[in-house]
Amino acid sequence: EKEQYLFLPENEWFCSKVVVTTPEGDVILFPCYRWLSRGEIVELRGGKADNSQSTCLYNTFRMIVCVSSCLTIRWIVYAEGVPHINNTTEVSALPSEVKFSFSKMSEFIYTKAAAIAELKLKCLVNSTEQWKDLEMMKTVFWKNRTPISEYVSEHWKEDDFFGSQFLNGTNPNVIQRCTTLPPNFPVTDKMVQPFLKDGSSLATEMKEGNIFLCDYKRLEGVPTRVVNGKPLPLTAALCLFYKNPEDKLLPIAIQLEQQPSQQNPIFLPSDSEHDWLLAKIFVRNADFSEFQISYHLLGTHLLAEAFTMATFRSLPIMHPLHKLLIPHFRYTLQINLLARKRLISPDGPLANGAMGLKGLKELLKRAQSEITYSSLCLPENIVARGLESIPNFYYREDGLKLWNIINSFVKGMVEHFYSSDSEVSRDSELQDWIHEIFIHGFLGNGKSGIPKRFDKVEEVVKFITMIIFTVSAQHCALNMGQFDYGGWVPNNPLLLRKAPPTTKGSSSMNTILEVLPNISTTVNNMASTWLLSKRYSDTIPLGTYPDQHFDEAVPMQMIKQFQAELSYLSRSIIKRNAILTLPYNYLNPAEMENSVSI
């Protein structure tokens, strides 16, 4: 218990751990890692993880810990059909242990303020004018540039770069191998034969596994914001790709709406330069919308919040899975609360994109209804989309290696604490935990394949692997390239101002400038992506555990082995990237945050 010192005002103290040496010479670790306030009694258990629930006294202590967490961390419905969230609406109401550090919060505020200050000095933040030419955009953010964002601004019009982004850009989640054209995408041999190798056909190339598709059908009918009396466009586009003999992934046909008609032509690389470029811009806008809402916000942030909430509420601090998982939930509750207050609030940049808050929640609901367990497990996801052999797919290459390293680590840890399937079945806290995730994270959707309970050790291993991969690797892959690929806004536009073309041959560069966001929307979007992509000084990389939750020799050795394998993978990625024109570093463990914290 922390006592008041003389008459000084109250201030919280942070206790990392207490180490006790017994008269017999045994050293016992009591992890704490929490803030202490005057008058609050904090009870600690020894550092050895325990899931036995063996004694009445021990069970009473565990129950008190979980009940206390349930009272301070409570579920609330965010929107119909969307994972439930923490009911806290102000950062000050969050438990101190889950808040940003002082350095993190200060740096977070400074980064945003510095970005906005630079834009204000350029008198751009509130400008509703249209860009007069694309070169003007290059004068924005003269300090805040990256080698990749510079490359994007120079090469964004090129077809091979356009195609490469669907594998190694911010959203490698949509593209899949195409073996049969959708009936609503009537691409013919005559249309695309000029872009295939000599003498080939669409059917032949599909059979050989060289045709790929991005279909944004989930966007069809999503309500958009009304501006100047007209709804903003959001196209449910279809884009067909061809992997040519040089292993380049090239777009060969684009249809901007789901239902084919004379007013919905199929655009081709042989069309006029501006027609083709405009069609690709609409595809990039569709991809941005799916990426930010379905895969980034829902697939990492909201799921991470559900995992975090369930862990605090159901697994007491001495439970081995609490100890294993808690480093991967650092800052998650606060960053999500801030996101709801600043990014997806009625005045936030995402809610002021194409969809608005109503459309955003509708897309979240649609995406949530389609989430499956296998889609969250990268090895199964890659096979389901037919992407096992497509070349130059660094997200797949690095991601599968990471998945296997994480899985091996989790397998060793889980099997150390659960020696049999019966121990898994009997662990009531574990069963409460997965039930909370199933009900609140996946809304009790049995069709998703998410388990309701665990009966086997291997089931626990797979689920924990998925969680750690999602909150570290998957989030990093989607988040950290946002400025690289979206800092040049024509490549990843938050919104488009005019409807897609209904005929060919009528587009010009002025048409493109009229379609792209105005100056204010552009520069504010650039500032947001810079803030969200920044690596902060108190980042804790994957596999780094500065807080000592485990005290046993075997888990400590497993952590060392985990770190060694991650270090080896990091070195191999650096070596590979050294020879790439466009390096892929988003799944480099040394650069990857342990948790969803930005």
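Even glycines carry a Cβ here, placed using N, Cα and C.
Annotations in TrEMBL come from automatic prediction, not curation.
Note that this is a predicted model, so its numbers are computed, not measured.
What TrEMBL lists as domain 'PLAT' is 1-50. Look at TrEMBL and you will find 20-598 tagged as domain 'Lipoxygenase'. Taken from TrEMBL, the feature site 'Essential for stabilizing binding to COTL1' covers W35. As annotated by TrEMBL, Fe cation binding site applies to H296, H301, H475, I598.
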Tally of residues which DSSP labels helix, strand or coil - the domain 'PLAT' (1-50): 0 helix, 21 strand, 29 coil
Relative to the Cα of W35 (site 'Essential for stabilizing binding to COTL1'), which of the binding-site residues H296, H301, H475, I598 has the closest Cα? I598
Confidence summary (mean pLDDT) of the domain 'PLAT' (1-50): 79
H296 (Fe cation binding site) CB neighbourhood, other CB atoms within 10 A: 23
Which chain neighbours of the Fe cation site, leaving out H296, H301, H475, I598, have a Cβ atom within 8 Å of the mean position of the site's Cβ atoms? L297, T300, A304, I335, L478, N479, L532, V596
